[in-house]
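Chemist: The annotation active site, proton acceptor is assigned in Swiss-Prot to 362. The UDP-N-acetyl-alpha-D-glucosamine binding site annotation in Swiss-Prot covers 11-14, 25, 76, 81-82, 143, 158, 173, 227, 332, 350, 365, 376. Residues annotated as Mg(2+) binding site in Swiss-Prot: 106, 227. Among the features that Swiss-Prot reports, acetyl-CoA binding site is placed at 379, 385, 386, 422, 441. Here Swiss-Prot flags 1-229 as region 'Pyrophosphorylase', drawing on similarity to another entry. The feature region 'N-acetyltransferase' is assigned by Swiss-Prot to 251-621. Residues or ranges marked as region 'Disordered' in Swiss-Prot: 601-621.
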C-alpha cells in the first residue's frame, strides 16, 4: 500500500438557507460542539499534512470559531457549487503530489474508523478517486451512486437531476471523497455548469477521472448531512444513541434512554443507573453504583460512588461517596460535599465546603461557607452572605447544629459542638465559642388595632414577661424627659404603666416640691439617680432624684424642662391586670391615681435561658 502525503479539505462556504439562520450552517451546535468542530476533530486524527477549510458566507465567524485549530483558510468568494469550492485549491496545492480528502462541513457524525478505512482502500487500489457511499432506506435528498460488481463507479447523479427510475436506487453519495490530487487537478478546470442549479459539481470531476471506486460505510447513520433544523435534531438523536449504546455495553443502565442526554466528555463507572429525564453536560465523572435522577441536571461535576441525585441540579462541584442530594436541591458551582452527607429538598449550596456526614435535610441556603463534619442544619437555616456590596464567609465547626429558621449573618465563625436555638439570628462577627448554646430571638409582639399607616404603626413594642409588658426606651440629647414619657404613655397606650429603672444625665432639671406653686430650676449637668411613678394615657405622676458634680442630691415632682444631656435609658412596665386613670379627688383637689382591676391576663410565660424559671430570656448582648 503506497504511503502518500494527505491533505484534507472541508467545504464550509455555504450559507445553509434551509436553517433559516444568520449563523453559518457549519457553526450550528450539535451537542456541545459545532458541526464543523466535530468533523474537524475527527479528520485531525488522520494526521494530515495540511487541513484546509474553504470559507465564504460569514467567513469571519467561521475563522473566529476555528482559530484554535491547526487549519488553513481558503476563500470561496462566490458559492458556485462543490466543484467550484475545490477549484479554489488549485493555487494552494500547486506542488502537492499526495491524496486529498474532501468532506462537507455539515457531516458531523463521521467516525475516524470510517475515514481511515476509506483512506486505506484508496491507497490499496490506487484509483483516481474513492468515494464513500452508503445504503439507506430513504435516499431522498442525496445524490445517487451507480456501480458495477467491482465497485467501480459508473455514474453519479444529483437528486434534483435524477429520473424517476434513478431515484429508486438506495445507494447514496455521502459527499466524502479521497482523490489523488494530481489527477483531480488535471480535470478541475474542465468542469461545466450544465445542470439544473447552474453550479460546478464535484461529482462532474469524478466522471472525468479515469478510475473511480466506491466504498460503503458500515453505518449509514454517520454520513447524515445537516441541511435543516429537523435533520439537526435527527443527528443529535443519532449521536445520543451512539453514546448510550457504548455506555450500556460498558455496564451502565439507562432506564429510559430516549429521555436522557449526555456528552462525550462524561465518564460513567459500571453499575451507574441513569433514571429518566436526566441530563449530563461537560466533564462529568460518576462513580460506581450511583443513581442519577429522575429529573436531574449534572454539569461539569464529579460524583462519587453509591450516591443518589434526585430531581436536582449539580453544577461545577464535587460530591463524595454515599451522598444523597434532593429532591429539588441545587448544588451551585465551587461546592464540595463530603462522604455520607444528605442535601435534602429545597436546599441550595453555593461555593461551600461541606464536611463528611453533615445533613441539611430541607429548606436551607448555605453560601460561601465551610461546614465541618457531622453538622446538622435545621429547616429554614439561611446564611446571609451578602451585605449589599460584597460576599462574606461563614465557618461552622464539627458537630454543631442550627435550629429551625436560624439566620447566620456573615462574616461569622461558629465553633464546634454548638447548638443554635431555633429562630435565632446570629449577627455578623459575633463570637460563638465551642460547646455552647446560643439563643438570639425576637419575642412575639401583639399590636391591637394595628393597620398600615395607623397611629399604632411604628411604636416601640414590649417584651412579654408574666402579666407585664416591658418597654425599653432610650431618649436622645435635647429631648424633654417628661414630655417624651407623656407622649409614649398616650401613643401605646399604657394601661397601668410604671417605671422599672432609669439612668442617664440631664443638662438641666426643673422640679417642684409638694404644696409649692413654683418650680425650681437646676442649670447644670446632673446625673439621674432615680425616677419613679405611674403612667397612663390621662397623664403621668413621676418623681425624679438627681445629683450634681459635688455629690449633692435634689429631688421633686418631674416637670417639663428636664432636658437630656447625653442619654436616658429607661425601662417601663405595663400591668395587664390593672387599668390606671387620673381622676379628680375631692379631698386633695388634684387629679389622683384611680386603680381598676381588669380581667386576669394570660400572656405567654417564657423561661429563662437556663430553663429554670419564668423571666426575660437571656440573649447575647
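Placed from the backbone N, Cα and C atoms, the Cβ positions cover glycine too.
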Chemist: Give me the CA-CA distance between residue 143 (UDP-N-acetyl-alpha-D-glucosamine binding site) and residue 106 (Mg(2+) binding site), in Å, as a whole number.
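Modeler: About 15 Å separates the two Cα atoms.
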Chemist: Given the acetyl-CoA binding site residues 379, 385, 386, 422, 441 in the record, what is the largest Cα to Cα distance, rounded to whole Å?
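Modeler: This binding site's residues have a maximal Cα-Cα distance of 22 Å.
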Chemist: May I ask for the distance between residue 13 (UDP-N-acetyl-alpha-D-glucosamine binding site) and residue 106 (Mg(2+) binding site), taken between their Cα atoms and rounded to an integer number of Å?
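Modeler: That separation, Cα to Cα, works out to 11 Å.
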Chemist: Which one, from the recorded positions 25, 362, 441, has the smallest tally of other C-beta atoms lying within 10 Å of its C-beta?
Modeler: 441
Chemist: Fewest neighbouring Cβ atoms within 10 Å: which of the binding-site residues 173, 227, 385?
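Modeler: Checked 173, 227, 385; of these binding-site residues, fewest Cβ neighbours within 10 Å: 227.
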Chemist: Of 106, 362, 379, 441, which recorded positions are close to residue 11 (UDP-N-acetyl-alpha-D-glucosamine binding site), meaning a Cα within 10 Å of its Cα?
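Modeler: Checking Cα-Cα distances against residue 11 (UDP-N-acetyl-alpha-D-glucosamine binding site), the recorded positions within 10 Å turn out to be 106.
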Chemist: Taking Cα atoms as reference points, which of the binding-site residues 25, 173, 379 is nearest to residue 362 (active site, proton acceptor)?
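Modeler: Nearest in space to residue 362 (active site, proton acceptor), counting only the binding-site residues, is 379.
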Chemist: Could you check the binding-site residues 13, 379, 422 and say which one's CB has the most other CB atoms within 10 Å?
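Modeler: Compared across 13, 379, 422, the most Cβ atoms within 10 Å surround 13.
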Chemist: Cβ-Cβ under 8 Å from residue 106 (Mg(2+) binding site), same chain, 6 or more residues apart: which ones?
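Modeler: Result: 14, 16, 25, 26, 35, 36, 225, 226, 227.
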Chemist: Please give me the CB contact count at 10 A for residue 11 (UDP-N-acetyl-alpha-D-glucosamine binding site), counting all chains in the structure.
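Modeler: The Cβ of residue 11 (UDP-N-acetyl-alpha-D-glucosamine binding site) has 26 Cβ neighbours within 10 Å.
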Chemist: Helix, strand or coil: which one is residue 379 (acetyl-CoA binding site) in, per DSSP?
Modeler: coil
Chemist: Please work out the number of neighbouring Cβ atoms within 10 Å of the Cβ of residue 332 (UDP-N-acetyl-alpha-D-glucosamine binding site), leaving out its own Cβ.
Modeler: 17
Chemist: Round to a whole number and give the Cα-to-Cα distance in Å for the pair residue 379 (acetyl-CoA binding site) and residue 365 (UDP-N-acetyl-alpha-D-glucosamine binding site).
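Modeler: For residue 379 (acetyl-CoA binding site) versus residue 365 (UDP-N-acetyl-alpha-D-glucosamine binding site), the Cα atoms are 10 Å apart.
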Chemist: Give the distance between the Cα atoms of residue 422 (acetyl-CoA binding site) and residue 173 (UDP-N-acetyl-alpha-D-glucosamine binding site), rounded to the nearest whole Å.
Modeler: 72
Chemist: Taking Cα atoms as reference points, rank the binding-site residues 81, 173, 332, 365 by distance from residue 385 (acetyl-CoA binding site) and give the first.
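Modeler: Checked the binding-site residues 81, 173, 332, 365; minimum Cα distance to residue 385 (acetyl-CoA binding site) goes to 365.
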Chemist: In DSSP terms, helix, strand or coil for residue 332 (UDP-N-acetyl-alpha-D-glucosamine binding site)?
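Modeler: DSSP call for residue 332 (UDP-N-acetyl-alpha-D-glucosamine binding site): coil, neither helix nor strand.
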Chemist: Which of 365, 386 has the fewest nearby Cβ atoms, counting only those within 10 Å, among these binding-site residues?
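Modeler: Selected from the binding-site residues 365, 386 on minimum Cβ neighbours within 10 Å: 386.
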